[in-house]
Amino acid sequence: MEFSSSEGESSSDIDSIKLDNVAKNPAWHFVVVTSAFTFGIVFSPYTLGAAGWFWGSAFWIFSTATTWVSGILIGHCVMEAVARGKGYSYPDMMADGFGRAGYIFAVTMQVSTYYLVNIALFVDISNWLLLAQEGIDILTEKTPFLGHRFCFCDMLLLTGAAATCLAQVRTFRGLIFWAAVSLACTIARIMILVYQIGAHDLLQECRPSFDGITATSTFNSLATTAFLFGGHGLFPEEMAELRRPESYFPALHASYVVLILGYGLNTYLAYAVWGEWTAGDNQFNWPLNGATLTSSFLSAVWGILEMTTSHVMLLNTVEKHPWVKAILDKRGSCYSRALIRATFVWTEVFWAFMFSAAGIANIQAFVGAFGFTSLTYYAPFAAYWKLLRRTSDRRGAELACLIFILAGLLLTIVGSYSSISGMVEEINKYRLFDTSTCSVSDLMSTSSCQNPCREAYGYDPQDCQGS
């Protein structure tokens with residue numbers, strides 16, 4: 001995969017849009033976009049459900065501290081790269097330390113990682129729309145309410161159409177309104193979780209178990225925390241649009257304060273209620289009521305906007321490929337660009353359909369282990385290690401960087417293996433291109449015997465389903 005890059009030109013340039021014209025964002029833009037993109041709020045309780053109180057908490061502390069530091073290192077490395085004539089982009093940052101090999105590695109990981117993120121989001125959004133459909137049916141006491149039972153495939157096509165339109169957005173500046181909407185959706189969903197627990201007195205009525213931890217689930221938990229701190233691959237490109245690039249550092253710190261507060265409340269509160277029964281998406285543990293219906297719609301909005309943010313970086317990178325640039329340089333480039341972006345989106349839809357039965361927790365764990373671990377854990381430390389070797393003689397800091405690089409590589413190997421094993425196990429139960437999912441009960445049932453809140457939800461304690 002070859003991408004155009006030159007010493008004197010920023011690889012974060014966006015065609016005819018000059019950097020001076022887009023570099024107008026105040027620091028709070030970074031906080032809003034980063035918080036909106038990073039917050040995978042409904043997935044965070046699974047990290048404790050898969051690893052338990054002790055290991056889950058240890059993973060959160062490790063991931064929060066490591067990714068916060070790596071975010072700071074990204075800022076220093078990008079500023080150094082720019083001072084040396086490079087551009088504001090992740091590939092430029094890696095090229096400054098490792099040359100062409102670093103550039104190709106960064107581009108490959110950016111494209112593959114955010115491509116996988118979008119595949120996972122397509123599965124998520126389609127499942128949320130199924131959840132919303134079921135909520136409408138229950139509230140209206142009419143099945144199906146819309147006159148037709150829509151299945152996963154239908155929801156996937158609908159999501160693909162919406163994503164195709166929003167994939168035409170080309171700058172983070174153009175996303176600020178939608179990022180604010182996305183962040184508002186996240187805050188509202190945290191409030192809905194608190195409402196669900198308070199309205200049904202679930203902390204008192206539920207009887208959760210905190211067992212069932214396995215080696216595979218533990219590694220999936222660690223990989224999922226990497227997934228939940230996955231915004232670092234966008235940081236250099238976001239810096240390019242800041243009015244003052246040095247404001248990146250206070251903006252990063254503010255973003256992490258927001259993330260810690262949101263993740264902390266949501267994760268520990270949910271796990272205290274549902275324990276080991278906590279699903280890969282916590283909304284599927286909730287009772288089917290109006291609050292869950294509202295949350296599922298908000299999640300779908302958040303997901304499509306999350307995907308749009310990913311597409312800004314991803315598709316701008318793809319358009320730098322010489323073959324794509326050659327097409328865009330011809331007449332009618334506006335239509336060509338729209339067609340290329342639409343085609344790219346629908347390849348994501350294809351893979352989402354193919355692997356929809358692999359289990360969303362496994363898919364997200366794989367994205368976290370394979371992709372975000374590289375962009376968030378070991379690549380920033382590797383870039384800073386090269387910077388230290390060139391600018392100072394701090395042996396202790398170099399050793400620390402090497403330790404984090406090795407730890408990140410180990411997480412990539414072990415986490416990828418455990419998540420792929422889980423995906424294979426799930427697909428063996430179902431099949432590739434599964435078309436059988438038309439109801440929430442096909443994914444997870446709140447009437448399950450394993451639900452610690454069955455009686456609080458109003459189910460007969462003597463009548464339950466097997467799982």
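Using the three backbone atoms N, Cα and C, a Cβ is placed for every residue, glycine included.
Features as listed in TrEMBL:
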type: TRANSMEM; residues: 27-46; note: transmembrane segment
type: DOMAIN; residues: 30-420; note: domain 'Amino acid transporter transmembrane'
type: TRANSMEM; residues: 58-82; note: transmembrane segment
type: TRANSMEM; residues: 103-125; note: transmembrane segment
type: TRANSMEM; residues: 145-167; note: transmembrane segment
type: TRANSMEM; residues: 174-197; note: transmembrane segment
type: TRANSMEM; residues: 217-235; note: transmembrane segment
type: TRANSMEM; residues: 256-274; note: transmembrane segment
type: TRANSMEM; residues: 286-305; note: transmembrane segment
type: TRANSMEM; residues: 338-360; note: transmembrane segment
type: TRANSMEM; residues: 366-387; note: transmembrane segment
type: TRANSMEM; residues: 399-420; note: transmembrane segment
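Stretch with the largest number of CB pairs closer than 8 A to the transmembrane segment (27-46), among 145-167, 256-274, 338-360, 399-420: 256-274. Contact counts against the transmembrane segment (256-274), taken as Cβ pairs under 8 Å, peak for 58-82 among the stretches 58-82, 145-167, 338-360, 366-387.
The transmembrane segment (366-387) makes no contact with the transmembrane segment (286-305): fewer than 3 of their CB pairs lie within 8 A, with pairs spaced 6 or more apart in sequence. Taking residue pairs at least 6 apart in sequence, the transmembrane segment (145-167) and the transmembrane segment (217-235) share fewer than three C-beta contacts under 8 angstroms. Taking Cβ pairs closer than 8 Å, the transmembrane segment (338-360) reaches residues 115, 118-120, 122-124, 126-127, 152-153, 156-157, 159-160, 163-164, 167-168, 280-281, 311, 314-315, 318-319, 324, 327-328, 422-423, 426-427, 429-434, 437 in its own chain, all 6 or more past its ends.
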